[in-house]
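As annotated by TrEMBL, domain 'EF-hand' applies to 188-223, 296-331, 371-406. What TrEMBL records for 468-490 is region 'Disordered'. Residues or ranges marked as compositional bias 'Acidic residues' in TrEMBL: 470-480. Taken from TrEMBL, the feature transmembrane segment applies to 564-597. The domain 'Protein kinase' annotation in TrEMBL covers 658-921. Residues or ranges marked as ATP binding site in TrEMBL: Lys686.
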Amino acid sequence: MYGGSSDGEGHDVAGGTARKIPPASSMLWVRNLRRFIGSGAGLGSEALMELETKRILLDIFKEKQQKSAEAGTIPSFYKKKPEEGSISHRVQRLAKYRFLKKQSDLLLNADDLDAMWVCLRENCVIDDATGAEKMNYEDFCHIASVCTEQIGPKCRRFFSPSNFMKFEKDESGRIAILPFYLYVMRTVSLTQARIDMSELDEDSDGFLQPHEMEAYIRGLIPNLAQLRDMPTAFVQMYCRIAAHKFFFFCDPNRRGKACIKKVLLSNCLQELMELHQESEEEVTDTEQAENWFSLTSAQRICDMFLALDKDMNGTLSKQELREYADGTLTDIFIERVFDEHVRRGKLGGGNSREMDFESFLDFVLALENKDTPEGLTYLFRCLDLHGKGFLTTADIHTLFRDVHHKWIEGGNYELCIEDVRDEIWDMVKPGDPLKITLADLLACKQGGTVASMLIDVRGFWAHDNRENLLQEEEEPEEEGERERGRGANAPCCHSSSRIELNMPTTPFPTNPLIALQPNIEDNKSKTLKGRMGQFLKGSDDPKNNWQRKSGKTIQCTYLLRKAWILFGMPASVAAIVGGVGGFVALLVITILCLWFCVSHYKMFSNKNSETESSAPSAVVEMKRGRSSSSTAPPLMMGGAQEAMQFRLEDLEQATRNFDESNLIGCGSFGLVYKGILCDGTVVAIKRHIGPPMQGFSEEVKYLARIHHRHIVTLLGYFQDNGHQMLIYEYLPNGSVSNHLYGKYSTVKLEFKQRLSIAVGAARGLCHLHGQSPSLVHGNFKTANVLVDENFISKVADAGVSKLVGGTEAAGPSSPNINAFKDPEIVQTGRIFETTDVYSFGIFLLELITGKEASEMGSSEIRLQWIERHLISNDIVDRRLEGNFTAEAMRDFIRLAIRCMTIPGRLRPNMEMVSSELEEILDKEIMLTTVVGEGTDITLGSHLFTK
């Protein structure tokens, strides 16, 4: 641009050698440039843009002359973001504007899309069998050339071989033109949305803040048919409500920033665009109410909040929120909603004990989207009464007790809470028979139903009557045909079997199944629905009270009677047949129960007779516990198990007298052996040789009560005069250190696997720090992160440092072990939560480099080592080449460095670390899914590639 004589920073590059421009020459250059800028009046837009560029270059040149080049070797992501109004900030904004304008010019407009559709239809062939318009690859290439001539080269990127291979082909290798055209339209639409959002992205980091998302939605309103008549005064409130749904689903960690790529891939954007595709006359009231972004839905939410806000202070108290949904939500759930908001700092407004409008939107979105992972996650945090990360039988009992109380208040029949609890367990089928986790609820596909049963009496009623409600939707047409078939004089047995789906004035229908009984005199026998022990009111006859006393029956009676009535049998005969069927079913179940009890009694007697001592060993007790839990969840009122005290002979038998062939490692507590118990359970036995430890058993029992998916479970212990042993669950894939730099590992850990391992370890440490009082690991290292057969990571040796006095005398010392120690321990002699954070940072560094931390030197020179290898671009493990995205790796390295910050008070806590790792993993999965492996991505530019 300037004749090629200078690079803009005072260096002559024409001759290939750098030469300083004399001060006099540089000042002359500045004067000439200023004179050129001053003569720019009356220029066009392109000339003005060029003029602005020259003005910025002048400012940069002056700033370069005034600044020193001290930080010239610092990697780019260490540098601070440019300040608002600075020269660098102006340069970035101008570059971003030019880039987005260029990409916008490459988009197909409406006329181009119409021309492409015409070209597709003119050059396709009609399938004789289906009548569909199709094209083979030759037609595809021909259409590409025709479209390029008519539209230009900007349409060429859609006609690539890879795009052709994306679509389903018939036996002749042809694809339908309509799916291809819809793909083109969707790509153009998403790209245009990406450009619009990027223009509003003030930080240019690929994320939108709430006010930026609101501005984007505000710009869409004139183009959405159903929103054009929106009152001007309501626009701001509508944008606030609409933007909140995007952040509810695209910002799960509530950081106030939604990733633009997540927004583009979310269903929320598709739901919003539905308002553009349909005119208001074609949309029913029901469809408008179901669409969160419709004007009707937004007004409904505002009216709901105003109706609940009795004192009109702009926030909701617990008492006011209890009126939501006609008061069918339980009190304990409302309490937990407020507790969860207080704990997470989500409450706003002048009163910190009341719910603001933003929190109310979260609340409504969670209840209306219970079947989505985001909604279920919100509800699970409220159901988790003790913050343990799982629900026990005691939690289910406590939660449903409130539902049962409201059920009785509504005038309904008595329920058996234990049967409901068992019903929920059967619905979820958790992996651990003692507890239900969020992952279990998501995997069972009925998590939303389970949550409704535990928080809302209306939700429990809907589940209890699911068969009748489903039948009600199918019966109207069939009922009319049956009426015509019976004739005018036929008795209408089914006329009273309709359920009022419009809820009555009471919070929920009373005795809903009574309406399904035939309208005859002898229908007062009570029927139990399912296996939940529920009895209907309406019979005071003593001869029918046996059902209430027995507490167990099945729905065969009701179903048989219903089936016979539907086939036209008289009601009295149907009642007799149903009663006989129910009696036979009850008799069969009674015989099966007796047989089951007798067989188990015999098995129990045989086991007792074979035992050498009158007191059974811990292994036998474990075996009994497992056999009972395999059939149904235990009815214990708590989920934690006490640590079992094993016998020495059992452990010697499990390890073949601690044979060296069973030796699998050596840790801080001592040697580690693989053992197989009598019942076939594979365990890891850690053996410490030394004098008895005071308080050993109490400390072990405390550690055994800590259960988490990402913490290795402590099963039991043994102690005598010269030995202490800890028995843990066995993880077949060993420690992460073996896979990173072990001699015999054949597994190549990909980057996403390493991120997943880091997330699991962070969750485990976060759970330890969340104990009351907080439990600091004190000896966290890569060797103490184990992986199971699915490479799910678990933290090992939690709390073991206390058992060995905080030393590692039991195991050999190595430079790599010392590399994980926080330098502040030397100064204070104490360990804190930040101690684990420092060790976790070293762990992340080993995941990044694939090397032992000891190779990086001591803590004083480690950061210099990191900086040196960042500059030379060889810090990342070479085995990961082409297996990660630059954005995720950059964030991963940043987080590792922050964890190693000195002093420790500046380090993030483990909850923050866990949250950031989850976000990095989500970003990596999303980027590699959309773009592919090994792609360097900046500002989402992959959406603009040709």
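A Cβ is built for glycine as well, from the same backbone N, Cα and C atoms used for every other residue.
Curation plays no part in TrEMBL annotations; they are all automatic predictions.
Highest Cβ contact count with the domain 'EF-hand' (296-331) among the listed stretches 188-223, 371-406, 658-921 falls to 371-406 (criterion: pairs under 8 Å). Sequence-distant neighbours of the domain 'EF-hand' (188-223) (same chain, 6+ residues past either end, Cβ-Cβ under 8 Å): 81, 92, 96, 100, 103-104, 107-108, 113, 230, 235-236, 238-240, 242-244, 246-247, 256-261, 263-264, 269, 272-273, 276, 939-940, 943-944.
Taking a C-beta cut-off of under 8 Å and a sequence gap of six or more, the residue listed as 'ATP binding site' has these contacts in its own chain: Gly667, Phe669, Gly670, Leu671, Val672, Tyr673, Met725, Leu726, Ile727, Tyr728, Val800. Helix first, then strand, then coil: DSSP counts for the domain 'EF-hand' (371-406) stand at 25 helix, 2 strand, 9 coil. According to DSSP, the secondary structure content of the domain 'EF-hand' (188-223) in residues is 27 helix, 2 strand, 7 coil. Per DSSP, the secondary structure of the domain 'EF-hand' (296-331) breaks down as 22 helix, 2 strand, 12 coil.
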